[in-house]
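The structure under discussion appears below in the form of structure tokens.
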């Protein structure tokens with residue numbers, strides 16, 4: 001059965017001494033942690049597993065362009081503060097040579113510093129000359145939009161998506177544990193419980209809804225499917241489906257995905 005934010009409170013409590021959100025997952029059984037780890041852990045490319053330069057023949061991603069042998073040798077023994085390696089960062093691009101555009105993922109914010117020789121030029125090309133010294137800019141003035149958007153016949157549909165990660169939690173490809181995913185979910189349930197007016201709605205936990213409900217949400221193009229090989233090879237699917245879910249307002253024009261890839265993805269339709 002799908003859960004409502006207010007119903008979830010029975011599974012969430014606050015440690016008053018540490019102010020830490022604790023999730024009591026009553027559906028877990030002894031041994032579930034071990035089974036989930038075996039089923040959802042990342043399988044490394046054989047060469048990367050041995051900390052050797054991978055076979056990139058046929059690879060079309062930006063990773064394949066910027067991960068030269070010299071760069072790999074420089075970075076292969078380095079680790080971030082959470083233990084993330086360059087091998088983990090590029091694994092998905094090595095295993096999905098023809099499908100991946102970037103071919104890499106950062107495991108934590110530290111990755112961008114420790115592996116800067118790899119990430120900096122790649123990001124600069126992907127974001128069209130966005131240099132390491134550049135800053136993210138925001139312009140919410142509709143007058144600055146280019147093109148004529150005032151003619152209704154030219155607009156079939158609109159969708160705005162914003163992806164964000166929450167400070168204090170590891171990124172999904174890195175050491176983002178089951179406990180962290182559940183804490184993120186608990187944190188956002190508090191937020192959802194405060195939403196009112198046209199944003200009021202319901203939260204659907206992937207660990208609790210029926211298969212029929214899940215399939216219906218996918219058919220309506222509202223819910224992410226999961227089961228994505230490129231994401232799995234990066235570490236996004238570990239501890240599936242714990243901590244994953246979708247919040248929908250009553251009109252289904254506003255959605256928030258939890259722990260699909262980034263911690264939260266806010267969508268306005």
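In case you wondered, yes, glycine gets a Cβ from its N, Cα and C as well.
Record check, TrEMBL: ATP site residues include 157, 158, 159, 160, 161, 265, and the candidate from 127, 221 also listed there is 221. Segment annotation: TrEMBL labels region 'Disordered' over residues 1-20 (candidates 1-20, 21-40).
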